[in-house]
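Encoded as structure tokens, the structure appears first; notes follow it.
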Amino acid sequence: MLQPQLSNWECYNTLPIHSDAVRVVAISYDGQILASRSDDTTLQLYNLKTPCQPIILADNLEREYQGYGLTFSPNSPILAIESDKNVHLWNVITRQNQVLDLGLSVPICSLAFSPNGQLLAAGSFDGMIGFWDLTSNQPLPPLKAHFFPIWSLAFSPDGLTLASGSGDGTVGLWSLDHRHSDALLVGHSFPVWSVAFSPDGLTLATGSEDKTIKLWWLEIGQELVTFLGHTGTAESLVFSPNGKILVSASQDQTLKLWQISPNLQVGNQSDPIQTLTGHTGGIGTVAYSPSEDLIVSGSTDGTIKLWRQRG
């Protein structure tokens with residue numbers, strides 16, 4: 001029996017703060033600030049607690065590349081944003097900016113912070129992963145992970161493993177202690193656009209251009225469940241902080257909420273808890289507030305929608 005409180009989400013606000021497609025949204029570690037990047041070449045900040053006009057943090061950003069890496073540090077007001085082959089670290093409070101050269105030779109298309117905020121990983125169009133040690137403020141040797149673009153990166157909750165979703169349709173699992181591949185997950189038939197670890201670190205969710213979402217049991221490196229129902233690329237995934245919900249954002253203009261539970265049946269699943277509609281363009285990015293009471297989605301229709309549970 002589904003818990004009723006999991007399935008009563010609704011859109012309560014639409015933010016028309018961009019004049020072109022919204023490519024990526026991110027929420028700060030304290031749930032206070034929403035950052036968004038758009039094809040209108042701006043990076044904007046929005047205060048989620050005291051709504052007001054958004055602040056343009058940066059303008060005239062690179063827009064010719066498909067990878068719009070943007071992510072908040074898990075424990076500080078630092079926002080990482082890719083710009084061609086480099087990464088900008090913005091302090092959203094002081095507005096200080098540091099430019100990082102990770103030694104990559106082609107543009108960056110994905111970013112991820114480690115859970116302790118001390119390591120930044122960047123995936124590039126040629127399948128390389130660059131690293132920056134924020135403790136020493138120095139780059140670390142890059143890792144050759146794939147031969148196709150790395151569209152998504154995610155650290156495991158313990159910070160020991162890095163997952164990479166690639167244009168070759170595979171997902172790499174990399175041991176950061178020994179800098180080698182722990183496993184290569186093969187199952188998608190088209191590029192993997194999103195990877196997300198469950199909060200307990202036991203499973204990994206992957207979203208693909210083949211329109212499916214797969215849940216992998218990491219202890220044995222095997223596919224557990226395939227979620228069906230999207231009619232477009234499953235482009236962005238996020239778990240709720242308590243791990244009970246997986247949200248998928250798709251180019252079919254919908255968000256789907258999937259229940260994650262210990263008794264999840266192996267095989268194909270096609271019954272989401274809820275399907276959220278309202279965007280008039282593909283949804284390429286989704287974020288979940290740390291407080292668990294807010295989901296944010298960004299679309300090619302140029303809007304950002306805020307979703308909350310009724311009651």
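Numbering starts at 1 and runs along the chain as displayed.
Any Cβ shown, glycine's included, is placed from N, Cα and C.
Features of the protein shown, as given by TrEMBL:
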- 15-50: repeat 'WD' (REPEAT)
- 108-142: repeat 'WD' (REPEAT)
- 143-177: repeat 'WD' (REPEAT)
- 185-226: repeat 'WD' (REPEAT)
- 227-261: repeat 'WD' (REPEAT)
- 276-311: repeat 'WD' (REPEAT)
Residues of the parent chain within Cβ reach of the repeat 'WD' (227-261), under 8 Å, 6 or more residues beyond its termini: 2, 6-7, 9, 193-200, 203, 205-209, 211-215, 268-277, 279-288, 290-292, 295, 297, 299, 307
Secondary structure content, the repeat 'WD' (143-177) (per DSSP, counts of residues): 0 helix, 20 strand, 15 coil
For the repeat 'WD' (276-311), sequence-distant contacts whose Cβ falls under 8 Å of one of its Cβ atoms, 6 or more beyond its ends: 5, 8-27, 29-31, 34, 36, 38, 40, 46, 48, 232-233, 235-242, 247-257
